[in-house]
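Colleague: From TrEMBL, for reference:
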- Glu293: active site, 5-glutamyl coenzyme A thioester intermediate (ACT_SITE)
- Gly268, Val269, Gly270, Asn271, Val272, Asn383, Gly387, Lys407: CoA binding site (BINDING)
- 13-221: domain 'Acetyl-CoA hydrolase/transferase N-terminal' (DOMAIN)
- 322-468: domain 'Acetyl-CoA hydrolase/transferase C-terminal' (DOMAIN)
Amino acid sequence: MSARITCPVLSTRVTSAEDAASHIHHGDNVGFSGFTGAGYPKATPAALHDQIVAAHDRGDEFRIGLWTGASTAPDADGVLAEAHGVSSRLPYNSDPVMRRLINTGEVDYIDAHLSHSAQHMWFGFYGNLDVAVIEVTAVLPGGLLVPSGSVGNNKTWLDQADRVILEVNHWQPRELEGFHDIYYGTALPPMRQPIPLTDPMQRIGEPYLRVDPAKVVAVVETDRPDRNTPFAPSDATSAAIAEHVVDFLRHEVSAGRMPPGLLPLQSGVGNVANAVLAGLDGSEFTDLVAFTEVIQDGMLDLLDSGTLRAASATSFGLSEIGVRRFMDHIDAYKGRILLRSEEISNHPELVRRLGIIAMNGMLEADLYGNVNSTHVMGSAIMNGIGGSGDFARNAFLNFFLTPSTAKNGAISAIVPMVSHVDHTEHDVQVIVTEHGIADLRGSSPNDRAVKIIERCADPRFRPALQDYLDRARAERPEARHTPHLLDEALSWHQRYLDTGSM
Ligand code: 0RQ
């Protein structure tokens, strides 16, 4: 029996990835583990790729519905997309090959709030889950599973799937046991009870996932690293954004709106969010706590320096260097990092109770504070809304961060009207670019427009934005609450599509 598989029943199910993949059939809905490149299955998807390609070569149909926690990696999303083996995908993707197929219309994409994905499955909104393919660190007697580097939707997929394939990854440190808190207290309405979490680092569950051994059709052993994408080094633009955020937090503390140790932090994905964490590290703030989704390298830095006391999340999202650092000092992080299911890490009830400070990236914002986080020029998906809505709408304070321009200055991140809305003006509090901060709290649409143009827009685009606002206000004196020129509102996007520049 492998040292990682000490459950007598499940040790008899150890088999090859090819055999495991043969339990997945055309038309199945398949739930993968995996969140921001951590903890996704690494052998079964490749074997499934080969079986899909072979079926297509025979002229047979073979496509599955693919559900995950969030993004996976080229060896999970990527290989299945390359095989043209996916008919639908939810709830979040950042794989470039999968993104292309979503954008060409080959794959139906359900871009969902991450806190919704598990409960929408229980509610029956997505249909039946046929197979779960879940990476774990170890399999213990009685069907107890030591989770790996992400928890995501694993609890739900394991509970709900008809058949389960486990991948036991020897690359994941065995010492991960004890890093997780899996809450089994969720119920369906009208039987729901409050979630008994009042402190970000409180344990309300147990360290293990559970699986009914009778459902496990295969156990596959692997030894492969997570995706571990490197982060871009912080540049002048992201450093300036970070400085504005830190200054603003200082201001909130001195205004008495926040305690000196701040409130729990949530930090989104991407390079800008990572840079903001680096900005906090150079600040006077210490002993902070994070209640977030993803632990990126920047958060390890904060934990190492003591700026951050502890972090609750659902996943790691580390670079190779970050992983090595985590593994080398894993015992020192125990008790300071807790990984939970995404239905808990992102739960609106908890985000609101704890008073989270949410910091997320965006593609563009408009004059009135509506934010587009997902769709380039209104139509092509980038990644997805992820947890940004879970946190932003329910946060004590939220920031949306972006460089003021994209594509070498051809695109303004501040536009007259966003081409797609993820976060409405009601949910957006503070917009930050390298030029400054627009604090929209308690502001009318017209005040917001003035602040956003003056403080956030790139100076080259300010005159045209001001001109739009002035003419919109003049055109219909009886409709000045949120003035727009409807025939021009999206003309900046159209001009970019036509000429390559806004
Ligand atoms: O594309 O690399 O091809 O040039 O968007 O932009 O500036 O590197 O920003 O890495 O911080 O990501 C919104 C995508 C920002 C991310 C987004 C192009 C730009 C570049 C990336 P290139 P940057 P970041 C919790 C939180 C939604 C989910 C979320 C995201 C690429 O933050 O996915 O918040 N957020 N989850 O050139 C066209 C514009 C653009 C633009 C930037 N206005 N128009 N392209 N780009 N602005 C975590 C989870 O939920 C898992």
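The backbone N, Cα and C atoms fix where each Cβ goes, glycine too.
What TrEMBL says about a protein is an automatic prediction, not a curated fact.
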Colleague: State the count of C-beta atoms found within 10 angstroms of the C-beta of Gly268 (CoA binding site), not counting that atom itself.
Modeller: 26
Colleague: Give me the Cα-Cα distance between Asn271 (CoA binding site) and Glu293 (active site, 5-glutamyl coenzyme A thioester intermediate), rounded to a whole Å.
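Modeller: Asn271 (CoA binding site) and Glu293 (active site, 5-glutamyl coenzyme A thioester intermediate) have their Cα atoms 15 Å apart.
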Colleague: Taking 10 A as the limit, how many CB atoms besides its own sit near the CB of Val272 (CoA binding site)?
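Modeller: Result for Val272 (CoA binding site): 27 neighbouring Cβ atoms inside 10 Å.
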Colleague: Going by Cα-Cα distance, which of the binding-site residues (Gly270, Gly387, Lys407) sits nearest to Glu293 (active site, 5-glutamyl coenzyme A thioester intermediate)?
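Modeller: Checking each of Gly270, Gly387, Lys407 against Glu293 (active site, 5-glutamyl coenzyme A thioester intermediate), the shortest Cα distance is to Gly387.
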Colleague: For each of Val269, Gly270, Asn271, Glu293, Asn383, count the other CB atoms within 10 A of its CB; which of these recorded positions has the top count?
Modeller: Glu293
Colleague: For Lys407 (CoA binding site), write down the residues of its own chain that are at least 6 apart in sequence and whose Cβ falls under 8 Å from its Cβ; none is a fine answer.
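Modeller: Once residues fewer than 6 apart are set aside, Lys407 (CoA binding site) is near nothing.
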Colleague: Among all protein chains shown, how many Cβ atoms are found within 10 Å of the Cβ of Gly387 (CoA binding site), not counting that one?
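Modeller: Taking all protein chains shown, Gly387 (CoA binding site) has 27 Cβ neighbours within 10 Å.
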Colleague: If you measure every Cα to Cα distance among Gly268, Val269, Gly270, Asn271, Val272, Asn383, Gly387, Lys407, the residues said to bind CoA, what is the biggest one in Å?
Modeller: 25
Colleague: What is the three-state DSSP composition of the domain 'Acetyl-CoA hydrolase/transferase C-terminal' (322-468), stated as helix, strand and coil residue counts?
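Modeller: Secondary-structure composition of the domain 'Acetyl-CoA hydrolase/transferase C-terminal' (322-468): 51 helix, 39 strand, 57 coil.
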